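As recorded in Swiss-Prot, the features of this protein are as follows:
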type	residues	note
SIGNAL	1-19	signal peptide
DISULFID	59-74	disulfide bond
DISULFID	67-80	disulfide bond
DISULFID	71-116	disulfide bond
DISULFID	73-87	disulfide bond
């Protein structure tokens, strides 16, 4: 019986330690969505001006290098940070939110990869 109580207490403490509040989750999700929305907006502005869109090469930048669109960054979950315009793949300091963010980035990157050529 003591083992059962210990197991319940350990499981509860582990769940509490890794639990993320709904505010943290919604903040991380909205940040990820805004990053991919900015890709669409940047590309639309180029097309509106009637300019020939610059040829972006898919997976041409490594983490920490300067970028313009998410599809330039190598890695399934790598994105082009919207403030410094560098490739990064970390979303949050919380490991659960970071894993969720990386999964969401991978989904978004599968869409934004059409902005870059595969050269």
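The backbone N, Cα and C atoms fix where each Cβ goes, and this holds for glycine too.
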Disulfide-bonded residues: 71, 73, 74, 80, 87 - member with fewest neighbouring CB atoms within 10 Å: 74
In three-state DSSP terms, the structure that residue 67 (disulfide bond) belongs to: coil
CB contacts for residue 116 (disulfide bond) [other CB atoms within 10 A, all chains]: 19
